[in-house]
Amino acid sequence: MALRFPRFSQGLAQDPTTRRIWFGIATAHDFESHDDITEERLYQNIFASHFGQLAIIFLWTSGNLFHVAWQGNFESWVQDPLHVRPIAHAIWDPHFGQPAVEAFTRGGALGPVNIAYSGVYQWWYTIGLRTNEDLYTGALFLLFLSAISLIAGWLHLQPKWKPSVSWFKNAESRLNHHLSGLFGVSSLAWTGHLVHVAIPGSRGEYVRWNNFLDVLPYPQGLGPLFTGQWNLYAQNPDSSSHLFGTSQGAGTAILTLLGGFHPQTQSLWLTDIAHHHLAIAFVFLVAGHMYRTNFGIGHSMKDLLEAHIPPGGRLGRGHKGLYDTINNSIHFQLGLALASLGVITSLVAQHMYSLPAYAFIAQDFTTQAALYTHHQYIAGFIMTGAFAHGAIFFIRDYNPEQNEDNVLARMLDHKEAIKSHLSWASLFLGFHTLGLYVHNDVMLAFGTPEKQILIEPIFAQWIQSAHGKTSYGFDVLLSSTNGPAFNAGRSIWLPGWLNAINENGNSLFLTIGPGDFLVHHAIALGLHTTTLILVKGALDARGSKLMPDKKDFGYSFPCDGPGRGGTCDISAWDAFYLAVFWMLNTIGWVTFYWHWKHITLWQGNVSQFNESSTYLMGWLRDYLWLNSSQLINGYNPFGTNSLSVWAWMFLFGHLVWATGFMFLISWRGYWQELIETLAWAHERTPLANLIRWRDKPVALSIVQARLVGLAHFSVGYIFTYAAFLIASTSGKFG
C-alpha cells in the first residue's frame, strides 16, 4: 500500500476516517510524538526549522521594502512627512466600481492604493534611507539573506552537518554566543549604523558605501576615544531649531544624554538612541564572557544553580536539580523564551507610543494606534503560549525525583495557596470594579451624576509626581523645583526629560483621574483571572484532587467518562483554551482604554474621556457607538468612500467571530448526524455518487472543535477591532 498522510505516524495513516487528516495536521509539528523519533533527530528538526522561520521573516520584510519601492511614494513622503500619506502598495481590484477606484486613489498615486499604517516609512526615514533605490537595495539584500537561511536549514539536515545532542545542550557556549554574538555585536553594529549613516542623514549628509570612508561622523574622528576625552562626543548636539534631514540647526555630537524629544519630529534624539545602543552593546559583550567554556574560567550554570540555596531553608533545596531539568526539556526552555518574549512585546507596545523612536511617527495617529494594538495582541498570544508549554513540561518532562524539595517541587506542593490567592484577588477586583461602574451607571440614569463614586488615583499620581510631573501639585522628589535631584537633572542627566514629562503634546505620564482608576482595575481583573486560569492549568497538569493520574492522559484529553465526577474541561489544554478568551477580553479593555484616551487627547477634548469613562454606558455610547459611525458609513446610499474596506472588514470580522460559536456551543452528536445525512444523500444522488472518498467522514473531536471555535473567535475579534480602530482614527485624523 502506498504511504498515506501522515508519514510520521503509521498508526494514524491507517485510520479509516477523516480523523486521519485532522489529527495529522494537528500533530505535524509535535515532533516528540512522531514514529522513530530520537532525541538527536528532535533537536535537529527544531534547529533546521528555525532557519526556515528566519527565511520567511526575511522574505516578508523584503516584500515590504519591494512593494513600497515599486508602488509606494517614499521619495515624495520624505519631502513632506507630515502631509503626504504613505502608500503601502497598490490595490488591483478595488471594491466596487468607479466610486471605489476614486475613493482609494490618494497619496498622490495614479491609481487605487492602500495607506501604510505600520510605521515603516518613519522607520526607514529615521535610519537613513532616502530613495527608492535604497529600498530596492534593502529588499534584494533581505532576499539574499532569506535564500542563505533556507540553504543553512537544508545543510544542517545533511549527515555531515548535523549538530550532536551535546552541542544543543552546551548551555554556557549558547549563553555566551547569544549574549555577546547576537545582542552585543548586533547592538554595536547598530550603533555603528546610526553614527555613520543615520545621524549624518538626519543632518542632511547622504552617506552610502561610495563615500562611507570619506565622511567623518564626528569632526575629530576617533581622537577623543583614544585620548580619553569621551565627553567631547556629547558636545554641540542638534539645537531645538534643528530641521530633521537638513543641516539647519544641526550639531556635531554623536553620543548624547539629552532626554526628551526632538521638537520638530517629536521623537527621541537620534544621538541619545545611538548612545543607548552603545551602552547595551557594552553590557552584553561583557555578559557574554562570563560563562565557562573552553578555558576553565567563568561561571558554570550548574554550579550557580546548585549554590542557590536560600538561607534558613525556607525555600527547601532552592535551585538544586534545575540545571538538568531545564537543559533536558525543550518545553521548559520554550516556556521561558515565550514568557520573556511576551513581556518584551508588551513593553514594545507601551514604549512605542510613549517614547517614539522614529521621526514624525508620533504625529501619525492611526499608525500609533495600530502599532500599540498590534503589539498588545501579539504579546497576549505569546504569553498564553508560555503557560501552555509550561504545562506540557510538567506532563512530559518533569521528574519528581530529580527536583525533590526544590523551587519547582515547592510550587506544586503549595499550588492550592497560589490558586486561592489568585482567585481571591480576581473576585475582589471583579466585584468591586463592576460595583463601582454599575453604581455610577445608575446614578447617571437617574439624573444625579453628582452621586457617582469617583476615586482619585492618588498613589499613581504621587508616583507620576515623584518622576517629575508637576500638574498635580504634590511638590515631591523630581517635581519639587528646589530639590537636589531636580537641579542635577537640569545639567547632568537628560535635561530635556523633565520638560517632556510636563508638555501636554505627547503621551508621557498622561494626566489620570477616576476614569483611569476604574479601567485600571478592570484591566487588573482581566490580568489576574487570565493568570489564575493559566497557572492553575499548568500546576494541575500532572494531577488534581478530582483526577490524580491526569499526567497519564497527556496534555489535551477531552474527558474520562462519567465515573470521575465529570472530568471534562480539566485537561491542561482546556485551561489554555479558556485563558485565551480572558486574554482577548483583557486586551480589549487595554486597547479600548488606550485608544479612547488618545483620541480625546489628539482632538483636544480630554474632558470627554474624563467624564464618560466612569460608567459603562459612557464607554458603550461615547467610545464604541460614537466612533463606529464613520466606519458604518464606509458604504452608504451616496456611494463608497475610502473607509469602505474597513466597513467590509468590520462586518466580515463579526461573521468570522460569530462562526466560532457554531463550534463552541455545540455537541459532536449533532455534527455526526448532519454528516451522516449529507453522506447518505450524496451516495444516492446521480452524478454526485460517482465521486467516492477514501475516508469515512466523522465529526471533529471535542478538542478539535474547540480549537476551530477558538481560532474563529480570536481572528474575528481582532479583525473587528482592527477595522474599528483604523477607520475611527483615520476617519478623524487622516
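Cβ atoms here come from the backbone N, Cα and C positions, even for glycine.
Quick look at what Swiss-Prot lists:
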| type | residues | note |
| --- | --- | --- |
| TRANSMEM | 46-69 | transmembrane segment |
| TRANSMEM | 135-158 | transmembrane segment |
| TRANSMEM | 175-199 | transmembrane segment |
| TRANSMEM | 273-291 | transmembrane segment |
| TRANSMEM | 330-353 | transmembrane segment |
| TRANSMEM | 369-395 | transmembrane segment |
| TRANSMEM | 417-439 | transmembrane segment |
| TRANSMEM | 517-535 | transmembrane segment |
| BINDING | Cys559, Cys568 | [4Fe-4S] cluster binding site |
| TRANSMEM | 575-596 | transmembrane segment |
| TRANSMEM | 643-665 | transmembrane segment |
| BINDING | His654 | chlorophyll a B1 binding site |
| BINDING | Met662, Tyr670 | chlorophyll a B3 binding site |
| BINDING | Trp671 | phylloquinone binding site |
| TRANSMEM | 707-727 | transmembrane segment |
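Sequence-remote contacts of a segment are chain residues at least 6 beyond its ends whose Cβ falls under 8 Å from one of its Cβ atoms, and for the transmembrane segment (369-395) they are 117-119, 329, 331-332, 334-336, 338-339, 341-343, 345-346, 348-349, 352-353, 412, 530, 534-535, 537-539, 541-542, 551, 554-555, 572-573, 575-576, 579-580, 583-584, 586-587, 590-591, 594-595, 598, 718, 721-722, 725-726, 729.
Among the recorded stretches 273-291, 330-353, 517-535, 643-665, the one sharing the largest number of Cβ pairs closer than 8 Å with the transmembrane segment (707-727) is 643-665.
Here the listed stretches are 46-69, 135-158, 575-596, and the one with the most C-beta pairs under 8 angstroms to the transmembrane segment (517-535) is 575-596.
Counting residues 6+ beyond its ends, the transmembrane segment (330-353) has Cβ neighbours under 8 Å at 42-43, 46, 361-362, 368, 371-376, 378-380, 382-383, 385-387, 389-390, 392-393, 396-397, 507, 594, 598 in the same chain. Spatially close to His654 (chlorophyll a B1 binding site) yet at least six residues away along the chain are Gly716, Thr720, judged by Cβ distances under 8 angstroms. Of the recorded residues, Met662 (chlorophyll a B3 binding site) and Trp671 (phylloquinone binding site) place their C-alpha atoms 10 Å from one another.
Annotation: Trp671 carries the greatest number of neighbouring Cβ atoms among the binding-site residues Tyr670, Trp671 [cut-off 10 Å, Cβ to Cβ].
Take the transmembrane segment (175-199) and the stretches 273-291, 417-439, 575-596: counting Cβ pairs under 8 Å, 273-291 has the most.
Here the CA atom of Tyr670 (chlorophyll a B3 binding site) lies 18 Å from the CA atom of Cys559 ([4Fe-4S] cluster binding site). The list of residues near the transmembrane segment (643-665) in space but at least 6 beyond its ends in sequence, with Cβ under 8 angstroms from a Cβ of it, reads 95, 100, 103-104, 628, 630-635, 700, 705-706, 708-724, 726-727, 730-731. The distance from the Cα of Tyr670 (chlorophyll a B3 binding site) to the Cα of Cys568 ([4Fe-4S] cluster binding site) comes to 18 Å. DSSP assigns Trp671 (phylloquinone binding site) to a helical segment in the three-state reduction. Long-range Cβ neighbours of Cys568 ([4Fe-4S] cluster binding site) (same chain, at least 6 residues apart, Cβ-Cβ under 8 Å): Pro558, Cys559, Ile702. Under 8 Å from some Cβ of the transmembrane segment (417-439) lie the Cβ atoms of residues 411, 452-453, 455, 518, 521-522, 524-525, 528-529, 531-532, 535-536, 539, 614-616, all in the same chain and six or more residues away from its ends. There are 13 other Cβ atoms within 10 Å of the Cβ belonging to Met662 (chlorophyll a B3 binding site).
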